[in-house]
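Structure record follows, encoded as structure tokens.
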């Protein structure tokens, strides 16, 4: 397996990040237009034919454009400034001080110096299972997080391979790409959940006010449209997540000149990757191996279309042939 040059990979991921940033508001706009069309089709009696329906749809959509732009900007601003704290809370991570574990700091510093990289922050998850992940969107927020179990159960060469894997995610800028994709998917998930909860609440009060029937229809349409966006955005996110693991494995092998050490580490990680605190699927894909029960059956159904990680056996086999 040949590793793509660092400059090439950075350029590709920067381009993909830009495409996602453009695609996100475009998809929101398309789905908003679909919602407007369905809403008018089901709620307005059209005596003038299809032309009038489209004209009303266009007018409603134009009126909503400022809200679309404002919503997208607010969502990304919030995500930009809060992604690190949200991920830390979702994984149960905390800062690891140098005095707690000089060994980890020495390994990270040596690898960073060999690559001319700025030292990232280091966090630890107090869990005896074996896992790790990288996060952040710039040099001020880049972080390598290791579980207590992976620190205690891997030797220095294996741990160096894992750290190199996470540093490759940072160096290639695919951490930023993945977080953008997580934000991209998150808004559709949020909208679908809001609509679903609203429909449930409205159904309880429907008998008190027959006018609620129209409101429920609007919410159902919103939920359907949001679910469509969530489905396609999730497929895109999974595809990005799977490919980045292969690239990070290859980058770590190149960085350490010891692919067998990372292969050995992955074999140990696969035996116990479950991190108890991790419940969110979008956060789970950040890890070197899926930290939940799905890690053992990630490729079941649809040939792995919905898998966040490639088969770890395949990753090990590639490293052993590197």
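Keep in mind that glycine also has a Cβ here, set from the backbone N, Cα and C atoms.
Since this is a predicted model, take the numbers as computed values, not measurements.
Sequence annotations record features per position, and here Swiss-Prot assigns transmembrane segment to 19-39 (among others).
Annotation source Swiss-Prot lists transmembrane segment at 61-81 (among others), citing sequence analysis. Residues 24-25, 28-29, 32-33, 36, 137, 179, 183, 186-187 of the same chain, all 6+ positions outside the transmembrane segment (61-81), place their C-beta atoms under 8 angstroms from a C-beta of that stretch.
Annotation source Swiss-Prot lists Zn(2+) binding site at 165, 169, 245. DSSP gives residue 245 (Zn(2+) binding site) a helix state.
The DSSP secondary structure for residue 166 (active site) is helix. Counting only residues at least six positions away in the same chain, the Cβ atoms of 132, 133, 134, 144, 248, 288 sit under 8 Å from the Cβ of residue 166 (active site). Per Swiss-Prot, the feature active site maps to 166.
The transmembrane segment annotation in Swiss-Prot covers 175-195 (among others).
The transmembrane segment annotation in Swiss-Prot covers 216-236 (among others).
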Completion exercise
Around the recorded Zn(2+) site (165, 169, 245), other residues with Cβ within 8 Å of the Cβ centre, ordered by sequence, are 134, 166, 168, 174, 244, 247, 248, 249, 251, 252, 288
Handout entry: Cβ neighbours within the same chain of residue 245 (Zn(2+) binding site) - under 8 Å, at least six residues apart
Key = 288, 309, 310, 315
Completion exercise
So residue 169 (Zn(2+) binding site), by the Cβ count within 10 Å over all chains shown, scores 28
